[in-house]
Amino acid sequence: MTARLLDGRAVGATVRAGLAETIAAYTENGHRPPGLAVVQVGGDPASSVYVANKRKACAKLGIESFSHDLKDTVSQAELDALVDELNEDPRIDGILVQLPLPEHLSADSIINRIDPDKDVDGFHPTNIGRLAIRQPGLRPCTPFGVMRLLEETGRDLHGMEAVVVGASNIVGRPMALELLLAGATVTVCHRFTEDLAAHVRRADLVVAAAGKPGLVRGEWIKGGAIVIDVGIHRRDDGTLHGDVDFDAAAERAGFITPVPGGVGPMTIAMLMHNTVTSWRRRLGLD
Ligand SMILES: Nc1nc(=O)c2c([nH]1)NC[C@@H]1CN(c3ccc(C(=O)N[C@@H](CCC(=O)O)C(=O)O)cc3)C=[N+]21
Ligand SMILES: [Mg+2]
């Protein structure tokens, strides 16, 4: 392997340590701690593990977490009422409603209902709009985490040919906006793209976020390119894999993220970052 690893666990830990310091400095001066509300609907085991990890990460930093575990039979009206209550609660700086939601509930309507200044996922149309016009509010966590990882490469993104594979609301599209604002020339590939290989072969930076295991082949990677893998898939043997054929890509890339241990831990770190940003703004600390 020739690529250098972009270690999301290590960079995420650095981000979290910085946040812990900020929180300690202000709470020692008598300010209330940051508060994050985590709403989970139904008891999906994978989701529960993930939510429990977020709570632990919060506690370690000095963020107070408020858990709301709702039955999967909860009505839209009840969920709406909870979001309204959390929007008004002065102890709460961030609201995260774990997705996906059961079929009978509308994720769009919940995302739209969350106060954009408490939308620590960065999913609200206001926050996506702010990003699009370079007035970032709360930035979507996964693309934000990727931008933080890219800093580790020390490379200048200006003029770089960046190819984003996947155009989802929560990763691909905001990722393209982030890279555009950073000065890259951005191509977004998606299900209707005719020759994915041709686009990837030109890329100095590839962000794979299609949700298809092994979609991006190692032989497509340009020598020295940066490869960021947002995909996460569990095989029957329990091992995790991304959207990139890692072993072959690592032979050619300059930098590459592993799965696990790459983008995933950065997403959580940036969720904490957004919670602290929202808290500072709410307390007038900036
Ligand atoms: N409102 C909302 N916001 C989210 O941000 C959100 C969500 N809903 N629903 C579920 C997805 C999934 N997601 C992950 C974040 C980090 C890891 C992560 O840290 N993964 C570890 C591996 C974990 C393992 O071992 O299973 C890694 O990549 O190293 C995984 C998954 C955030 N999500
Ligand atoms: Mg797609």
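Cβ coordinates come from backbone N, Cα and C, glycine included.
Marked as NADP(+) binding site by TrEMBL: GLY166, ALA167, SER168, ILE232. The domain 'Tetrahydrofolate dehydrogenase/cyclohydrolase catalytic' annotation in TrEMBL covers 6-121. The domain 'Tetrahydrofolate dehydrogenase/cyclohydrolase NAD(P)-binding' annotation in TrEMBL covers 140-281.
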Cβ-Cβ neighbours of ALA167 (NADP(+) binding site) (radius 10 Å): 18
Entries of GLY166, SER168, ILE232 (binding-site residues) sitting next to ligand 2, with Cβ under 6 Å as the cut-off: GLY166
Same chain, 6+ residues apart, C-beta under 8 Å of the C-beta of SER168 (NADP(+) binding site), given in sequence order: ALA209, GLY211
Mean of pLDDT values spanning the domain 'Tetrahydrofolate dehydrogenase/cyclohydrolase NAD(P)-binding' (140-281): 98
Nonlocal residues around ILE232 (NADP(+) binding site), in sequence order (Cβ under 8 Å, 6 or more apart): LEU240, HIS241, GLY242, VAL259, PRO260, GLY264
Number of helical, extended and coil residues in the domain 'Tetrahydrofolate dehydrogenase/cyclohydrolase NAD(P)-binding' (140-281), per DSSP: 55 helix, 26 strand, 61 coil
Chain-internal residues, separated by at least six, CB under 8 A from GLY166 (NADP(+) binding site): GLY172, CYS189, HIS190, ALA208, ALA209, ALA210, GLY211, VAL230, ASP243
Largest CA-to-CA spread of NADP(+) binders GLY166, ALA167, SER168, ILE232, angstrom: 16
